[in-house]
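Database features (TrEMBL):
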{"type": "TRANSMEM", "residues": "15-38", "note": "transmembrane segment"}
{"type": "DOMAIN", "residues": "29-407", "note": "domain 'Cation/H+ exchanger transmembrane'"}
{"type": "TRANSMEM", "residues": "77-94", "note": "transmembrane segment"}
{"type": "TRANSMEM", "residues": "114-133", "note": "transmembrane segment"}
{"type": "TRANSMEM", "residues": "145-166", "note": "transmembrane segment"}
{"type": "TRANSMEM", "residues": "178-201", "note": "transmembrane segment"}
{"type": "TRANSMEM", "residues": "213-235", "note": "transmembrane segment"}
{"type": "TRANSMEM", "residues": "247-267", "note": "transmembrane segment"}
{"type": "TRANSMEM", "residues": "326-347", "note": "transmembrane segment"}
{"type": "TRANSMEM", "residues": "390-412", "note": "transmembrane segment"}
{"type": "DOMAIN", "residues": "603-749", "note": "domain 'Cation/H(+) antiporter C-terminal'"}
Amino acid sequence: MHYQGVFASGNPLDYIVPVFMLQVILSVVISRVIYIVLRPLKQPKLVCNILAGIILGPSVLGRNKSYMERMFAPKEMMVLGTMSNMATTLYIFIICIKMDATMLSRTSKKTWRFGLSCTIIPFFFTMILTELLRHFLPGFRDSQFFPIQFSVVSSLSYFIVIVHALDELDLLSSELGQLSTSITLLNELVSCMIVMLGITLGQKDTIHMMYSFLSLCGLIAFAIFVIRPVLHWIIKRTPRGSPVNEGYVIAILLWTLLLGVTTDALGGSFSPAAMIMGLIIPDGPPLGATIIQKSELLISEFFLPLFFVRIGYFTNLSAIQDWTELVIFGALILVGYLGKLVGSCLVSSTINMRKSTAILLSLILSLQGVNELLNGVRWKHQKLLDEQNFATFVLSIVILNGIITPIIEIFYKPEVKTFDPSSVKLHSRSLGMTSSVGELRIISCVEDEDNVPSFTSLLEALNPTEVNPICAYVIHLVPLSTQTVPLLVPYKSHKRRFSTPNGSDSIMRAFLNYSQNSQGPVHIQPFRMISPFKYMHEPICRLAEAIRTPLVLVPFFKSQEVHSIEGSLRIFNTNIQQFSRCTVGILVDRGLRTHISVNSFSYNVAVIFLGGADDREVLAFAARMSSHPNIAITVLRIHLRGNCARGFEDERELDDSLFRDFKAMNVGNACVVCHEMVADNSEEVMIALGSLANCYNLVIVGKRQGCNSQFEEGLIAWTQYPELGVIGDAMAAPDFCGGMMSVLVLQHFGERNQNSTRFTSFDC
C-alpha cells in the first residue's frame, strides 16, 4: 500500500515518512510532555494519551484546514483505523494473558456481593434516568436498544482498565486492589455474556440469530479444545529454560487477529476474540512470558498511540454547542458513578467495612479507559452518538479519571506500608519474644530447587521437638511479568488436565519428604506466590500478620537476576525487610547443602554478637539451636571500645544481660563455646572475623549493630548490598574466607526495640 506523505506532492519525504508514523511520533512525544507537566498533579497516563490525541485532532491543531487535509486524509484514515483496531486487539490480548481466570473459582461471597451490587444498582440508576431524559438526546431518542447498551457499559467495570490503573498506582497487591480485580473479573464474565447476547439479538431474524449464536459457541469451543492443546504441544516442544520459538509467537499473534476478524464478521467486535485467545494462553514461561517480552512494549508504546490519535480525530470540542444537552448527557454519566458508590456503601455496611474504604473502592471501580473508548467509537460509527455527545463522553473520561486517580493515590495507603514507630511494641514479633513451648511458625520463601537443602537445614537446626514443633509455611516465589494480579495461593499437588509441570512440584515434594524424615515434628504448609517481584511482599506480609510468625526466611538473590525482565529477588528482599513486622532472615547460600543430610545432621555455626536488636535476634536463634546435639556453636562477642553512642546505655545493658543469660543456660553444654574480645576499630573487627577461616558451615549475624553507630559509619561506604548490613555484606563477599561459608543475616522490625525483647525462648 502506498502511504500519502504529510507534505505537498513532489517532496521526497512523501515517500519516506508515512503519515501514521508521524502520528505515532507526535502522539508519543506530546503525551510524554503532558505526563511530565501533569505528573506533579498525579495524573494517569491515560489522561495524557487522550489529551495528546485531542491536541492532534480538530480541537487544537486541526483548526488548521491544511493540517487536517494532510494529516487525516481519507486514505490515511483507512490506515489509521486498521492500525488502531489491530493495536487495541493485541493490547487486550496481552492484558488477558496476564489475567488468571481461575480467580473466579476462588472469589468469596464478599466479592460476589460487591460485584453484583456495583453493577446492578448503577445499571438501574442509569436506565431510569435514560428513560426519563431520552427525548432530549438524539441517539437515545432514535434507538430502542441504545439506552440499554449505554446503561450496561456505564455499570460495568472492566478488568483491563482497572488492572492497568492499579498497576500504575502500585496498588495491585493491596487488599483493595485484590478485591477490585476480583470484582472486575466477575464483570468481565457478565460482559462476555452480554456481548454474545447482543450479537445474537442484533441479527435480522431467528435463523440468523441461531447461526450467530452457534458460530460464537463454536468459536469458543474451537479455541478451548483445539487451539489450547496446540499451545501445550508448543510448550512441550520448548526446552526447559528456553524461550518459545519466534515463529510460534508470530503465528499466535496472527491467529489472534484472524479470530478478531471472524468475530467482527459475526456482528461483534475484535475484543471477544482477543479475550478468548488471551485467556487460553498458559501463563508464565515459556509461552506466556515470551509473548509478553517480545510484543508488549511494541504494542503499548508504538501501536496503541494510534488508537488515541483516532480518538482525538473523532473528538471535536468545538462541537459542544447545546449546553442543555451537555448537562443531560453529563448527568447520565455521573449517575453511573453514583450507583457504584451507593452499591459499594450498601454492601460495606453488611460486612463491617469502613465507609471510607467503600468510597475508595467505588472510585477504583469507576475508573474508565480503553474499553469505554472502544464502545464510544462504535456508537459514533453507528450514529448513536453525535459529535457533541461523543466529545462530552471523551471529556468526561478525562475529567473523572483526572479527579479520581489523585484522590485514590492521596487517600488510600495500604496497611502493610504504614510504619508507626510507637506501635512496634504492640505489633512486632521476634524470636526473642516467642516462647520455647508451643508451635514455632516460620515463613520460608524459596526461589528454586537450589534453595531447598539450605532451608531444610535451617529448619532442622532450629531443633523441632514434641514440646516445640515447627510449622513451616513454604512459599515458592514464582516471578512472572505475565501475572497481572499477585496471587498467594495454597499449592495443590494434583494435576489438572492440560496442566504442565512446574518447579513447585519438585520443591514441595522435597519439603514434604523432609517433613516425613525430620528428627523432630515439622509440619509443611505449601504455597505459591505468583507475581512480579515488586508486588510479592504485601501478600506475604499479610500472611505473616495472620499467622503471627516471628521469622521470615528468604534467599539472597543471584547476580544473574539483575538484568532479568522479571526483576530481581533483591527487590523482594528489601521490601520484605522494610514492611515485615517480624524478624527477617536473608540466607546467602555458599554450599550449606553439601554438608547436610537429614539422616546425619551435623555442622558448625559461628554467631557474631556486637549488640543491638538484630544481634539479640541472632542470639535467640542460636539459643534454639544450642539444644541440638549435632550442632557446634561458637559465639564471638566483640566489644567495641568507645563506639557506643549517647542514649544507648540501656540497650548496652540489655545486650550484656542477654549474653549472660545465654552463657548461663549453656553451662556444661560442650557444643556451645563463647568467646569475647575487645576491638578498638573496624579494622580489628574485620581481622577477628577473618580468623573464622573455613571451619564453619554457617555464620549468623545481625544487619545492624545497635549502639555501634560509629563502627557502621566507618564501613557503610564499602558496603555493596545494604540489605545485608556492613558485617553481613563483608562476610558474604566471594573473596571472604574463600567464599565457602553460608551467611544468615537477621533483621528485627524497628531499630530500637530494647524494651520489648525478652529471653522467653531461653527458658529451660
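Cβ from N, Cα, C; glycine included.
From a predicted model like this one, the values you see are computed outputs, not experimental measurements.
If you count C-beta pairs under 8 angstroms between the transmembrane segment (326-347) and each of 77-94, 114-133, 145-166, 213-235, 247-267, the highest count goes to 114-133. With DSSP states grouped into helix (H, G, I), strand (E, B) and coil, the domain 'Cation/H(+) antiporter C-terminal' (603-749) comes out at 64 helix, 36 strand, 47 coil. Nonlocal intrachain contacts for the transmembrane segment (145-166), taken as residues 6+ away from its ends with a CB within less than 8 angstroms of a stretch CB, comprise 44, 46, 92, 95-96, 98-99, 118-123, 126-127, 130-131, 134, 139, 172, 177, 180-181, 183-185, 187-188, 190-191, 194, 198, 201, 332-333, 335-336, 339-340, 364-372, 375, 379, 384, 405, 484-485. Counting Cβ pairs under 8 Å to the transmembrane segment (77-94), the stretch among 15-38, 114-133, 247-267 with the most such contacts is 247-267.
Residues 85-86, 89-90, 93, 199, 202-203, 212, 215-216, 219, 223, 227, 231, 234, 273-274, 276-278, 281, 287, 290-291, 294-295 of the same chain lie 6+ residues outside the transmembrane segment (247-267) yet bring a C-beta within less than 8 angstroms of a C-beta in it.
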